[in-house]
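Report on one structure; see the data block that follows.
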């Protein structure tokens, strides 16, 4: 009986202890996470102009948000980094941060949020002027034509009577 008592006591102590036994625990233990400073999340999107807001969300001030697209693929790397990050200028909604003009994102989704329109006006207007010069010439003409075609109503063709 004493031979089985020692292993049983050891297993009991092991079960009731609260240490980190898994590899995914933060350095310094469970309570060390509050001591870490938040870093800025990874850059993403076209030209690295955006920031990750979740594993499949990439937002940029002048581009808006990409959710579940190729532009947001880099954001999946954030899951493998040991330190927490935070993007966005100010808190909004339920646990989100302002991501772009009028858009509030958390790590799972984005919603329109009127309080996120403040602080983006000047940047959005300045970028409108700079983006217009980037599309001068044939590329700009092609893009303009595609937008016009997409917005044009389709021609109405009367239905042909069925012939037997």
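Glycine too: its Cβ is placed from the backbone N, Cα and C atoms.
Database features (Swiss-Prot):
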- 20-25: disulfide bond (DISULFID)
- 41-85: disulfide bond (DISULFID)
- 44-58: disulfide bond (DISULFID)
- 52-75: disulfide bond (DISULFID)
- 59-65: disulfide bond (DISULFID)
- 92-104: disulfide bond (DISULFID)
- 98-116: disulfide bond (DISULFID)
- 105-110: disulfide bond (DISULFID)
- 131: N-linked glycosylation site (CARBOHYD)
- 1-19: signal peptide (SIGNAL)
- 28: site 'Important for agonist activity on V1aR/AVPR1A' (SITE)
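Features recorded in Swiss-Prot, as mapped to the structure shown.
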| residue | record | Cβ within 10 Å |
| --- | --- | --- |
| 41 | disulfide bond | 23 |
| 52 | disulfide bond | 25 |
| 58 | disulfide bond | 33 |
| 59 | disulfide bond | 31 |
| 65 | disulfide bond | 21 |
| 75 | disulfide bond | 26 |
| 85 | disulfide bond | 14 |
| 92 | disulfide bond | 20 |
| 105 | disulfide bond | 28 |
| 110 | disulfide bond | 21 |
Inset, instruction - Compute the C-alpha separation of residue 59 (disulfide bond) from residue 104 (disulfide bond), stating it in Å without decimals. - result: 10
Legend entry - DSSP state at residue 104 (disulfide bond), helix/strand/coil: strand
Legend entry - Using Cα positions only, nearest of the disulfide-bonded residues to residue 85 (disulfide bond) (52, 92, 98, 116): 52
Legend entry - Nonlocal residues around residue 116 (disulfide bond), in sequence order (Cβ under 8 Å, 6 or more apart): 90, 92, 98, 99, 100, 101, 102, 103, 104
Inset, instruction - Pull out the disulfide-bonded residues from the set 41, 58, 75, 105, 110 whose C-alpha sits within 10 Å of the C-alpha of residue 65 (disulfide bond). - result: 58, 105, 110
Inset, instruction - Check residue 59 (disulfide bond) against DSSP and tell me helix, strand or coil, would you? - result: strand
